[in-house]
Amino acid sequence: MISSQNLTKTYGSQTVLNIENLEIPKGQSFGLVGNNGAGKTTFFSLLLDLIQPTTGKIVNNEVQVNTSESWKPFTSAFIDESFLIGYLTPEEYFYFVGELRGQNKADVDALLSNFEDFFHGEILGQKKYLRDLSKGNQKKAGIVASFIGNPEVVVLDEPFANLDPTTQIRLKGIIKELSQKREVTVLVSSHDLIHVTEVCERIVVLHKGEVVRDIQTSAETLKELESFFGG
Amino acid sequence: MFRHFVNLQWKAFFRSASLGKDTAVKVIMGIFAAMMLLYLGLLGVMLYFILEKAFPGADPVQKVSEYFLYWILIELFFRYFMQKLPVMNIKPFLTLPVPKSSITHFVLGKSALSFYNFMSLFLFVPFAVVLLTKGYPLWNLVFWIISILGITLTLNFVNFLINKSDKVLIALAAILISLYFLEYFSLLPVNAFAGELFYLLYQNPLFCLVPIALALLFYWLNYRFLRDKIYLDSTLKKKVKEAVTSDLAWTKKFGDIAPYLQLDLKLIWRNKRTKTQVYISLGMIFYGLIFYFADSYGATSTIYVFVGIFMTGIFLSNFGQFIPAWDSEYYSMIMAQNIPLRKYLESKAGLISVSVVVMFLLSIPYVYFGWQALAINFACAIYNLGVNIPLILYFGSMNKKRIDLDKSAIGNMQGTSATQFLVLIPLMLVPCLMYLGLKFLISFEIALAVFTILGLIGLAFRKPLMSHITEIYRAKKYDMISGFKQKIN
């Protein structure tokens, strides 16, 4: 589904990302872990064509992302609050995203009804604009918006940060369910090793912009990761 | 304590991320400010002679006193729009052993040094000096200036109290206009009455205690108000307005740009700065009256072309010049979401086109000044539609500065760079020169025909033009994304 070749990103003399080859097959739930500055967000930004690669390319479902826009219909993402439109209510935002992805109101409502539990009654029908919601609730809205319109690739940067424990557990359930259907490729980055090992079948560790581990998740993965970061 | 605050403010200014980049804007603003003070100073010097000539035999001080009330109201009006409330990042101080009273005193004290407080001094001190040379008594003048200083500071502090509500603004405008009409139709001798009151300040130095007491009173009110505000929750917790949702179903008529159009309409309506732009634009329909009433230009003067371009294109230039920075808060989303750039730009062009048409329709009453006025406005509207819309979108591709939508509206230079000044040349100056040349060389009718034809050519070539502009936006996309991410405070 997603393949990147000779991908590097350099700012001045500093190389922040250098990935020789990375293939992510369709339907995989893919986890990206690493310390601050490891290049996780850089990789996602390159995948979404928000920054330009210094060398190399990313191909998303046979579309090279920095030369064509046709990866957009099947890719959705929530990176940070700059993906939210502050002056819309959550409902309006969902309908807007729905409209961009060819979903009418009924479709969006049907999808949202699956997330009532996740929203915990704090998002819908609040008569508040997104800019007036708390950081955690903004994040919930952004994450759910990225599920609208049956995307084939979902990119979530640090989805667990800022969420309360209940929501973290619910989000894990949602991501697992999503990847079980084998149709959606989910890319998640996190600082929390426990969360990623729970939801991702494959974990890639980035360190100073380079891939240092590429692990198929198993019972020992958490230990392995802890010893990598601890040692 | 104050020494530390001054030091911190100094560093905040010189170390701000925007310093180098905004220097050009700051220099231009500085020049404007200096020019304004200079003009006020010159006016102050000449005021005595002007009044002497305009009202022979009357005492200039008496005349100034009569109009002083309007000066006060206009200054307050001006301050309301332009003067920024003094701000200081108080959060780091809350847990430090700093008395809240000194933070408050510092913030208020700093505001006393604001540019706006010097305006009346630059006008009235030279005036007083001239009076002195004309043999007016020194001490009366000194205390008169002190009174004016007191009034200025009172206005300064009153402004901070009223700045929080639009109602006060409307009330002020209403007072100003009704006072003027009461005087104009001789219903009430407002000027004479106010004149006597303010003349007292000059006549009897003791009365200067009144403005000083008022200034102190409003300082104290502000102090009490601010002092209680220095808590985390009261500064962080904004008043949350209840969201009013609307589905704007009528936009569906515009086909596939409808969702973007809806978004833009919500953008405009739900954010203070953009909303003010709409009001300003609508208000500017009266701009032409100044020139048409002046009546000394002749029906086909170039100034009317400027007026026509300006009136029908005011929203075009005010809103258009900041495209796409209006969307800077969520520009990454716009770029990553399923939005073809082309559609995004077309919807902006659509919105501006509607504004041009609306402004033209509103300008139809200008036909009262002759058919030429209507013809000029029509040609200018077509020219705006065909030529200036692609032009402003093209210049938009140079925007890389973030705009925070919830910041205040007027006098807000955020997102402004040299581009915003440059864009006015092709947008307004070039058509004016072109008209001047054509009218001079050939005729008025031909000049307007050329305008209309150019506009129509622009409309006919809208598609390829938009494709070209889209390509430019695509090439600049990465610069825009990273530029819009930089928050400037």
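Using N, Cα and C of the backbone, Cβ positions are placed for all residues, glycine too.
Automatic, uncurated: that is what TrEMBL annotation is.
Summarising the annotation, TrEMBL assigns transmembrane segment to B:27-51 (among others).
For B:67-82 (among others), the entry in TrEMBL reads transmembrane segment.
Under 8 Å from some Cβ of the transmembrane segment (B:113-132) lie the Cβ atoms of residues 33, 36-37, 40-45, 47-49, 60-61, 64, 71, 75, 78-79, 82-83, 86, 138, 141, 144-145, 148-149, 151-153, 156, all in the same chain and six or more residues away from its ends. The transmembrane segment annotation in TrEMBL covers B:113-132 (among others).
Long-range Cβ contacts of the transmembrane segment (B:138-161) within its own chain (Cβ-Cβ under 8 Å, at least 6 residues beyond either end) map to 61, 72, 75-76, 79-80, 83, 85-86, 108, 111-112, 114, 116-117, 119-121, 124-125, 128, 131-132, 201-203, 205, 207-208, 210-215, 218-219, 221-222, 225. What TrEMBL lists as transmembrane segment is B:138-161 (among others).
As annotated by TrEMBL, transmembrane segment applies to B:168-187 (among others).
Among the features that TrEMBL reports, transmembrane segment is placed at B:199-221 (among others).
The feature transmembrane segment is assigned by TrEMBL to B:278-297 (among others).
Here TrEMBL flags B:303-326 (among others) as transmembrane segment.
Remote same-chain partners of the transmembrane segment (B:347-368), defined as residues 6 or more beyond its termini with a Cβ less than 8 Å from a stretch Cβ, comprise 254, 257, 260-261, 264-265, 281-282, 285, 288, 292, 308, 311-316, 319-320, 323-324, 374, 377-378, 381, 384-385, 389-390, 392-393, 462, 466. Residues or ranges marked as transmembrane segment by TrEMBL: B:347-368 (among others).
Residues or ranges marked as transmembrane segment in TrEMBL: B:374-396 (among others).
Annotation comment: TrEMBL describes B:417-436 (among others) as transmembrane segment.
The transmembrane segment annotation in TrEMBL covers B:442-461 (among others).
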Contact set, same chain, for the transmembrane segment (B:168-187): CB under 8 Å, 6 or more residues outside the stretch | 69-70, 73-74, 76-77, 80, 162
Folded-back contacts onto the transmembrane segment (B:199-221), same chain, C-beta under 8 angstroms, at least six residues removed = 61-62, 65, 108, 139-144, 146-151, 153-154, 157-158, 161
